[in-house]
Amino acid sequence: MDGREYSPAATTSENGGGRRKQKEKELDELKKEVNLDDHKLSLDELGRKYQVDLSRGLSNARAAEVLAQDGPNALTPPPTTPEWVKFCRQLFGGFSILLWIGAILCFLAYGIQAAMEDEPSNDNLYLGVVLAAVVIVTGCFSYYQEAKSSKIMDSFKNMVPQQALVIREGEKIQINAENVVVGDLVEVKGGDRVPADMRIISSHGCKVDNSSLTGESEPQTRSPEFTHENPLETRNICFFSTNCVEGTARGIVISTGDRTVMGRIASLASGLEVGRTPIAMEIEHFIRLITGVAVFLGLSFFILSLILGYTWLEAVIFLIGIIVANVPEGLLATVTVCLTLTAKRMARKNCLVKNLEAVETLGSTSTICSDKTGTLTQNRMTVAHMWFDNQIHEADTTEDQSGATFDKRSPTWAALSRIAGLCNRAVFKPGQENISISKRDTAGDASESALLKCIQLSCGSVKKMRDKNPKVTEIPFNSTNKYQLSIHEREEDPQGHILVMKGAPERILERCSRILLQGQEVPLDEEMKEAFQNAYLELGGLGERVLGFCHLYLPPDKFPRGFRFDADEVNFPTSDLCFVGLMSMIDPPRAAVPDAVGKCRSAGIKVIMVTGDHPITAKAIAKGVGIISEGNETVEDIAARLNIPVSQVNPREAKACVVHGSDLKDMTAEQLDEILRNHTEIVFARTSPQQKLIIVEGCQRQGAIVAVTGDGVNDSPALKKADIGIAMGIAGSDVSKQAADMILLDDNFASIVTGVEEGRLIFDNLKKSIAYTLTSNIPEITPFLLFIIANIPLPLGTVTILCIDLGTDMVPAISLAYEAAESDIMKRQPRNPRTDKLVNERLISMAYGQIGMIQALGGFFTYFVILAENGFLPARLLGVRLAWDDRSTNDLEDSYGQEWTYEQRKVVEFTCHTAFFASIVVVQWADLIICKTRRNSVFQQGMKNKILIFGLLEETALAAFLSYCPGMGVALRMYPLKVTWWFCAFPYSLLIFAYDEVRKLILRRYPGGWVEKETYY
């Protein structure tokens, strides 16, 4: 089977259900491991299978035929959402729906009034227009924000068309890589991207970098031999979009485009269904709550008004009025702006968020599955340890060269550094003299580059060393003899040569009979061999890649200058050499990672490492960064300590666990769940991309909110499936950036922790904003309710309500997004999405039932004071509504017998509206200050939030402007107030402040008590 059976384009089924089943089946197919057997075929069988001459390539006619049949060699781009759909989602998604319903109801009410009355009031018409405008403006704003992020995304895409060198009809030609077909004979050399999946038929020192596919940072050798059953591990297959690092190779293309291994991963990623974000679910829950309250109030008063004798049509208008009054017009804009501010703050801290809702998702994350290479580590091999003079020395692996130093005076070190510098083909790329050595780019294999940098740092210019000891001959590294050897002219001896050699330590040692100690050659005895073995095991156990080094001074009488050394028919000694030492390399952890992992742990977030690398290396790095914390053991550790076989250890005793990809392959979902449940510290090593996806799904089954980090194409399915996918901005592949929700611009795991902190903070602050905004709903609704029940003149008009919701309340509500955290938010457990809601019943009861009621009292007090000053005592107001609103009544008497015309009555009524509005502003001062904290006293929190202080001043200034600005009486029916009327609501404002401070004091004194259960939101 050549992987062509399931092409992602094959979904054509008549009915939707069948199509869904088909899609699920395909995804399951894609989740399976790669299945191909071309690596097992002999070259003749290969030629027959693909009808190709292995030396001359395809004929042009045959190539054109295959191209027409298979289509171009390119990945199908993931289905993109058209811009108009994105825009409509912003206009009609989530919260906006509530406002649209409100607007439609307003137009409906206006229509009813227009049909019934001769001169209908235009309030409902204004209200409908304003609601629609709010949704449209906010929608445009959110759309613009997301479009900006996706613009940054598009700039990541590399637009350079890739070229490939193919041999057709015996001639080498450069063609566009899209035109490569199955069966083509392709040649790749160091620096090229592999244009398609191909089976190698001949190679010369070829190495490829498979890290984007498997996550292994070491370059892999490629040769025609079939070395492994698994096609991903065998040496004779090269994969599409991996890079050839050095050497050359020829191969036959076995699959192109979406049928390549890389293509299957990309289709797997684009085919996954993405769940809703936690914040979207929260907003839905909130809308359900608010709608519930609104409909309940509306229907209650609808029935009540019918009982009180109103007509059906009047009752319907009341019903609509109450429902609309419950809609918090300003909240949609507030939430959008708060999320945008956080997204901007995160971008400054190197987290680019692609969609606003992901901002909060990161805060509710409870599990992070992190890739190792490049995310937790620096993604550059570095020399970590040396063993010479029978001692292990530590090298410096820090990013800024501030780490350990060792004694460089030993003559043995001089010999070791000379071998590492000479027997080494890596060079620095030109023009980097001003860059620090550790950051320079090199040409060559990762291990050799590490040696080059190490020697350059400790011994000065390697280039000078090589110029003084010119190379005469060399045997490059190959997988059969596992060493690399070169012979150089010695600078200190005008006649002599030195032979230097490095390679796998055990292979080097068996060629040596002597060892260099303190600069003296001594015979290599059993004791030294044991010391070597111990050092080798210790360094290998640290997950490091160990190389051995030896040399031999060639006798000048046998090998004078000008001697013809022959590397093929070896005419010089390659045994009886002198062993000098070991050097070991590792891709070291990034400096900020251990601290970040510690913060995650105290924040209750489980960090799981998922990598394609070796278990030993993975475990060493996991211990280095604290994913496996000190003192925690795996089953293997316990077995080694107690000296018993692994099978006798109870796996539950081990807190840590390293799972090998091959074991994961045979596990059932239940066994995986068992591991995820029972171990707190988990490392998955040697995993394939499909397994990454299975691990993420496993975590989600446990009810976790999962964040996944990754940079390779292999990570994209997991990135897409996770609740929040985090891609790397520098090292990340385009496919992974496409699949992710967030991009770390500096590739640093530590940035995720700041992201989590911002996400948690915005969740807390959104609660505060919502509590603040909802509270003023009660003083806005109650006037209308009393107007219906007690038949009093309307205390607060529609226009004034809009001035509060879209005017005075906006800036203060947004200013709460800038509020600092109350306690250390990184010390608490992640929120449980099932129980810990953004808006819960307790928040509604606090805002509506307690604080809102006090605010309404303040407003009514002011209303009654003004009417009483004008001669209407409260008792006279009951039942006066019909006469009050009747245009033909111009002789309405007040409590003192004075007669009022319709116009005069209305001026007093509108003055009352203005004063009620001013009272709400005054009580909202206190509300804003108490909403700063949910548990602490305001005196503990302080007033450091400058934006909030500005918000207080701004709402007061706006209220004064609306009241005193000339012309407002005509435009908004707002009238100037006497100064004393502003003070009517002050006592209520103080009452709110005192009430809430006492409540919070009880909260802190009796945590978990009755008050907390009933009022802590």
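Including glycine, each Cβ sits where the backbone N, Cα and C put it.
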Item to complete: Please indicate whether the topological domain of Pro120 in Swiss-Prot carries the same name as that of Glu899, placing both on the same side of the membrane.
Response: yes
Worksheet item: Pick from 407-426, 527-546, 627-646, 767-786: which range does Swiss-Prot record as transmembrane segment?
Response: 767-786
Response to the item:
For the topological domain 'Extracellular' (787-796), the distant same-chain contacts (Cβ-Cβ under 8 Å, at least six residues beyond its ends) come to 301, 304-305, 308, 310, 318, 779-780, 859-860, 863, 867, 877-882, 884-885, 905, 909, 912-913, 916-917
Practice prompt. Please list residues from the chain of Asp715 (Mg(2+) binding site) whose Cβ is under 8 angstroms from its Cβ, counting only those at least six apart in sequence.
Written response: Asp371, Pro689, Lys692, Val708, Thr709, Ala727, Ser736, Ala739
Worksheet entry | Residues of the region 'Disordered' (207-228) by DSSP state, where helix covers H, G and I | 4 helix, 6 strand, 12 coil
Worksheet entry | All-chain count of other Cβ atoms within 10 Å of Asp711 (Mg(2+) binding site) | 28
Fill in: Same-chain residues at least 6 beyond the ends of the transmembrane segment (316-333) whose Cβ lies under 8 Å from its Cβ atoms
95-96, 98-99, 102, 105-106, 108-109, 112-113, 124, 127, 130-131, 134-135, 137-138, 141, 290, 293-295, 297-299, 301-302, 305, 310, 769-770, 773-774, 777, 780-781, 784-785, 788, 801-802, 805-806, 809-810, 813
Worksheet, complete the sentence: One stretch in 83-103, 797-817, 838-860, 913-932, 946-964 has more Cβ pairs under 8 Å to the transmembrane segment (980-1000) than the rest, namely 913-932
Worksheet, complete the sentence: Sequence-distant contacts of the transmembrane segment (767-786), meaning Cβ under 8 Å and at least 6 residues beyond its ends, amount to 286, 297, 301, 318, 321-322, 325-326, 328, 330-331, 334-335, 338, 792, 794-796, 801, 804-805, 809, 812-814, 816-817, 819, 838-839, 843-844, 846-848, 851-853, 855-856, 858-860, 863, 916, 919-920, 923-924, 927-928, 931-932, 934, 1017
Response to the item:
Per the Cβ filter (under 8 Å) with a sequence gap of at least 6 from its ends, the transmembrane segment (797-817) is approached by 123-124, 126-127, 130, 134, 325, 328-331, 333-334, 337-338, 341-342, 762, 765-766, 768-769, 772-773, 776, 780, 910, 913-914, 916-917, 920-921, 924, 928, 931-932, 945, 947-948, 950-952, 954-955, 958-959, 962, 972-974
Response to the item:
The DSSP breakdown of the topological domain 'Extracellular' (304-315) into helix, strand and coil residues is 8 helix, 0 strand, 4 coil
